[in-house]
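Structure record follows, encoded as structure tokens.
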Amino acid sequence: MRILKLLELVVKVSLFTIALSSVLLAFLIFRATDAKVEIIRGDHPEVYDDSAENEVPTAASIQRKAILETLTNLMLESQTPGTRQIREEESTIPIFAESTTQKIISVSDLPNNCLNASSLKCEIKGISTYNVYYQVENNDVIYSCVSDSAEGLEKCDNSLNLPKRFSKVPVIPITKLDNKRHFSVGTKFFISESLTQDNYPITYNSYPTNGTVSLQTVKLSGDCKITKSNFANPYTVSITSPEKIMGYLIKKPGENVEHKVISFSGSASITFTEEMLDGEHNLLCGDKSAKIPKTNKRVRDCIIKYSKSIYKQTACINFSWIRLILIALLIYFPIRWLVNKTTKPLFLWYDLIGLITYPILLLINCLWKYFPFKCSNRGNLCIITHKCTKLCICNKSKASKEHSLECPILSKETDHGYNKHKWTSMEWFHLIVNTKLSFSLLKFVTEILIGLIILSQMPMSMAQTTQCLSGCFYVPGCPFLVTSKFEKCPERDQCYCNVKEDKIIESIFGTNIIIEGPNDCIENQNCAANPSIDNLIKCRLGCEYLDLFRNKPLYNGFSDYTGSSLGLTSIGLYEAKRLRNGIIDSYNRTDKISGMIAGDSLNKNETSIPENILPRQSLIFDSVVDGKYRYMIEQSLLGGGGTIFMLNDKTSETAKKFVIYIKSVGIHYEVSEKYTTAPIQSTHTDFYSTCTGNCDTCRKNQALTGFQDFCITPTSYWGCEEAWCFAINEGATCGFCRNIYDMDKSYRIYSVLKSTIVADVCISGILGGQCSRITEEVPYENALFQADIQADLHNDGITIGELIAHGPDSHIYSGNIANLNDPVKMFGHPQLTRDGVPIFTKKTLEGDDMSWDCAAIGKKSITIKTCGYDTYRFRSGLEQISDIPVSFKDFSSFFLEKAFSLGKLKIVVDLPSDLFKVAPKKPSITSTSLNCNGCLLCGQGLSCILEFFSDLTFSTAISIDACSLSTYQLAVKKGSNKYNITMFCSANPDKKKMTLYPEGNPDISVEVLVNNVIVEEPENIIDQNDEYAHEEQQYNSDSSAWGFWDYIKSPFNFIASYFGSFFDTIRVILLIAFIFLVIYFCSILTTICKGYVKNESYKSRSKIEDDDDSEIKAPMLMKDTMTRRRPPMDFSHLV
């Protein structure tokens, strides 16, 4: 009976359980379950929870859903899904509580989870130089956040490297790879604001929006004025800015200056150190950039201080060596004499330094007998070798010169008295310190210390409006009209501006002031503008600006920023301020703004032809063709090389100078852009889970995005259920993932289409000055010369059709690179557009890209290992092509400079024979024009174009007062002539006359008037007066090693000129032969002199006087002369 009752109880319990489960199952049949997705992306695991999507509806959940919908409505305008709408009034929304009573709350009262990170679960996802990207979790909802402040994030996970504060210096992104190495000052997270399917909600500081996050390289932004240094202090400049905070730094291209930006407010002074004056550093301040010109501070200071005195300048410039020589002389005589005189009074000093150097002294004394050069009596070094006694160093008495009979240091006797003492004993110390060798060394150390003290005391060197009418304004960043500039945007309009068809009415709230004026708005602006501020913006700034104001608000207006250095329009200024706010609206607009450079920092250190270091060569014509002298010239195709040729016709009295200078040589590549690749910094995901159904059921709530989608089914079965879910082999989890790319480390991939050897060649002298680009494909030709390239080396590691990578350091890399739309595991994934949008990726994630896990009790989880293709790690296998950075032109070509010879440059010069003849009459010069453009008292000089018409062919010298010229001789042909000439003037040559002297004859001179001179201030921030710059150039030319080498070879120019291209080789051979010849004759003379001294011939000279003649005979040089047979006669008695 008991068994039957027990069975009955079990059946009833089972039926009750089944009934209860059926009711619950029916209630939850279409409900989704909680699930959690975990993204693992390198060192940045990301966890996202969808519990807000799947929880059982309660009053709290309904309220939270209403809040999220309100935030979404603030961001998205339902009627125009591609834009954002700013509310003019405070919006209110109804929220239903459990009692179904309506409650009204303000949008400003809604909680901002990103600002409450300190009290919520949060995790740092990435730290840049100027902001931080993090995520917070509240009520199982994950919020993505970007903030310019680190406040309240100290307790977040991965906050170990979080700085206490971020710099507030305004910056904007750099999108052009070529500019990154020049202007990069760190990185910053930006939001690319869009409403496409690949975006997601994100909050920047306290402003919610929709878009994608990317890490970008940034540069400084802002209004900054750089004041040139004055003559009194030529290495200090001052910078000023009207903005509240501005940043500056001195940067060498390619240098990492991520945390070296210096902020200032108002003004600041910068003093350049000698390292900054190498010509490679740039001063960056806001939008402004300035190249610090190459200046030898030591030389220039001496040139200025001792102007016009070459000897004082030389002494001053070489003072660093002269001061060492002076110290050496002081040590050798006065200091040594002083030390020798004070040895006894300073015995404590010698004991002290002896104690300090005792191990060294002990070692030297013990090893002295093994030294190759020893003194026989003093214990000092001796150059002349001779036998030395072993007892020489054991002078134990300071005052005595006597030596000890036995030297304990060198003694081999075992029973010596000193052997019973240790090396560290006082007996051994006194013995070692008092030896002559040790005492001489201690005195030498004392002399050196005194010399160093004196050396340290010696000097190192000798030497647009937005105003309604009067008092009502619109200020960017504030949605209300104001009456003046403000620190904080007011809560409502402070004035009113009514724009009518024929007039404008302005009124100030709180006063009775009403002003009327004519309608002078921008014409042809057709757009709707209802509020007062919209009318003002449409009137003064136009409809395009009004569209930006409505749909793309400024969170920080930067009211003091004008963008005057970049010449920004009102639209461009607004977009630049949006970039300062961390928002990217359009890649093309951003690329345009960030590519604007104010200043000369990108200018290369291009100087005039360095004639002082170029070799000189006399050149005689090879043949006469059609009445013209033909000169054949061959040069090595090497950048920086060249020759100064002196042209002759064997009869001409004056040689004509002709200079060829190869400025640069390299290879010009034509390329086709493929894609951009960048590392994945972090990952964002979104998904939806269901308790029953399959992927199709899940996709009804989480639609396919088109790429990087995933779906897992089934996710509900025995042992893998969550609370209130009893489905078996049902359910699905679907979603998508999006990567956050580090565009700071992006590479652009190109395909090589064509390569050509190119040389930039400058020609100066008799033909005037001009620079031309010569290629190997088509020979260059003009009226007087032809040039052609014969290439020896063309294969430099890059082949046609090969893929190359342009890195963030502006270098070119080659290697295994994936082609576009090729999923091969080589460097080149992810494949993106320039603005970081994927163009080739996985459409659906595979099983290897993620893993799924669950538990009997708890939430399901998905671990995504890789969101799309990622092979950026293979960049280590790429090979850098050249150490010289390159710059791309319109993403279609670049020039790769080479530092070695690529072949030969052959030039044929045809000069009319009349150039070498005296003009038969005064030439007629008509239609003259001389126009100049440049600067005075500067290194660049005035670039002038001289044009005229001549009736004769002749050679002429040219000159002009107060100016030096790049060339002083021109070849004038019959007909039209045009020359490029550079003039360096100390005064404005406007309306002055340039004089032409045909064949140097002043009797038939011709004058040409300077028509126009446009003087432009150079960008150089260090003024270099032309007078001192000329002296410096002259000094460098006179003291140049190349100039000296060319000078000592110059006597052989005439002979070597007959050997053509072997000119310089023959000069060196002749110089070496001459040196050997001089050495040979000097050796003979030395032998004669030695014999003369050795035989003492000078003692054998005698003065012979004949009896009958008072003439002095030549002295006899014989050593063994005969003696007189009789004594000399005495004539004293005749007196």
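Keep in mind that glycine also has a Cβ here, set from the backbone N, Cα and C atoms.
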Where Swiss-Prot places N-linked glycosylation site when the choices are Asn605, Asn1095: Asn605
Annotated range (Swiss-Prot: region 'Non-covalent dimerization') out of 177-195, 633-651, 804-822: 177-195
Residue carrying N-linked glycosylation site as stated in Swiss-Prot, selected out of Asn395, Asn980: Asn980
Swiss-Prot annotation, N-linked glycosylation site - which of Asn318, Asn588: Asn588
Per Swiss-Prot, cysteine bonded by disulfide to Cys122 (from Cys156, Cys224, Cys285): Cys156
For the topological domain 'Lumenal' (36-314), the mean pLDDT of the predicted model: 70
Rounded inter-Cα distance in Å - Cys145 (disulfide bond), Asn980 (N-linked glycosylation site): 60
Residue numbers, six or more beyond the limits of the transmembrane segment (1068-1088), whose CB comes under 8 Å of its CB atoms: 1048-1049, 1052, 1055-1056
Neighbourhood of Cys122 (disulfide bond) by C-beta distance under 8 A, where only residues 6 or more apart in the same chain count: Tyr134, Gln135, Val136, Glu137, Leu153, Lys155, Cys156, Asp157
Among Cys285, Asn588, Asn980, which are recorded as recorded positions, the nearest neighbour of Cys114 (disulfide bond) by Cα: Asn588
Secondary structure content, the region 'Non-covalent dimerization' (177-195) (per DSSP, counts of residues): 7 helix, 7 strand, 5 coil
Nearest-integer angstrom distance between the alpha carbons (Cα) of Cys285 (disulfide bond) and Asn210 (N-linked glycosylation site): 33
Distance check against Asn210 (N-linked glycosylation site) for the recorded positions Asn116, Cys224, Asn588, Asn980, keeping those with Cα within 10 Å: none
Mapped DSSP class for Cys285 (disulfide bond), helix or strand or coil: strand
